[in-house]
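K.L.:
Got a structure for you, written out below as structure tokens; questions coming shortly.
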């Protein structure tokens with residue numbers, strides 16, 4: 001295995017161990033000793049990748065943007081729907097992404113002004129809505145900046161409520177519901193019947209994300 | 001002052017002191033000693049009202065349902081809009097409510113299954129949507145249980161994002177945006193022009209909540 005690839009695997013190992021430790025003890029309660037115990041590295045091996053617990057947490061938080069995978073589609077609103085479905089599948093399957101969301105929400109809840117995770121998501125959505133607008137997919141008068149902010153806020157809340165109720169097990173149907181309520185205020189009426197909002201079916205076609 | 005009224009004022013004093021302490025140190029970091037220092041009570045005076053920090057936090061969390069003030073309106077969807085505007089004003093003005101939301105989100109983020117705050121809000125919204133449905137205000141085929149859950153999830157996320165960006169200063173316009181995007185998928189088209197979604201104006205008419 002090339003050294004770079006091994007380094008990247010070790011990094012991922014650390015992030016997964018940290019995600020577990022943050023999950024069990026919370027950010028404040030988790031120590032680098034807990035993280036070391038889970039990934040089996042020496043302290044030197046850990047510090048080679050991350051100088052501190054703060055740096056590990058920052059990397060976990062940044063991993064959220066990597067989960068924003070935009071796959072082009074002839075209908076940009078359909079690409080936006082797919083983006084939320086893929087993100088949901090990753091939330092359900094990737095402990096590092098879940099920990100990143102948790103740290104973001106937890107820091108938010110203590111008044112942190114770190115909006116980077118929301119800005120990355122808003123940027124991805126904005127790009128799709130701009131293209132949707134230029135292709136005539138949107139209702140006249142839709143402010144795409146407002147719409148992008150709204151969609152990110154909505155998704156954030158829906159995943160939070162789904163987490164509290166059942167650990168995000170029902171997040172796919174909640175995402176379907178979200179789009180069914182939101183699209184009539186966003187999309188050209190003629191486009192509505194052609195948009196697929198069945199998140200469960202889209203997810204099944206996607207398969208399990210890697 | 002009657003003894004009961006004095007007791008209720010002391011209780012409120014404790015909740016406000018606790019809200020400040022949770023704000024500054026987080027729930028785990030705040031101690032009853034911090035809370036006592038802020039409200040000037042003796043430890044005995046505090047324990048007369050609350051046996052523990054956990055009990056104070058539980059009362060702060062419960063205070064969220066008291067902020068769900070439904071004011072009847074001939075158009076029930078308008079009452080639902082007013083409910084979100086009034087709740088926003090309280091969030092902006094009441095430190096105890098803000099602390100309750102923070103504790104709920106923070107506990108959510110650590111996987112707590114305490115959905116009581118969301119259930120209370122969903123119940124209030126559901127009641128309004130049931131009446132809206134029976135008065136023909138809703139689109140045919142709208143599932144009111146889904147709609148109530150969706151609206152609570154959406155509002156939760158929007159207030160969280162607004163908190164991160166600017167400490168909820170722009171939450172009123174974000175609530176207007178939310179309703180403008182959501183109502184076309186919810187309300188009879190003929191009703192749309194008659195619904196007032198200008199949260200800033202509604203708030204100005206309300207005045208500052210007590």
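In case you wondered, yes, glycine gets a Cβ from its N, Cα and C as well.
Computed from a predicted structure; not experimentally measured.
Okay, so TrEMBL annotates it like this:
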type	residues	note
DNA_BIND	B:31-50	DNA-binding region
DOMAIN	B:8-68	domain 'HTH tetR-type'
K.L.:
Under an 8 Å Cβ to Cβ limit, what residues of the same chain, 6 or more beyond the ends of the DNA-binding region (B:31-50), are close to it?
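P.N.:
For the DNA-binding region (B:31-50), the sequence-distant neighbours (Cβ-Cβ under 8 Å, at least 6 residues beyond its ends) are 7, 10-11, 13-14, 16-18, 20-21, 24-25, 56, 59.
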K.L.:
Just to be sure I understand, if DSSP states are collapsed into helix, strand and coil, how many residues of the DNA-binding region (B:31-50) fall in each?
P.N.:
15 helix, 0 strand, 5 coil
K.L.:
Across the domain 'HTH tetR-type' (B:8-68), what does the pLDDT come to on average, as a whole number?
P.N.:
90
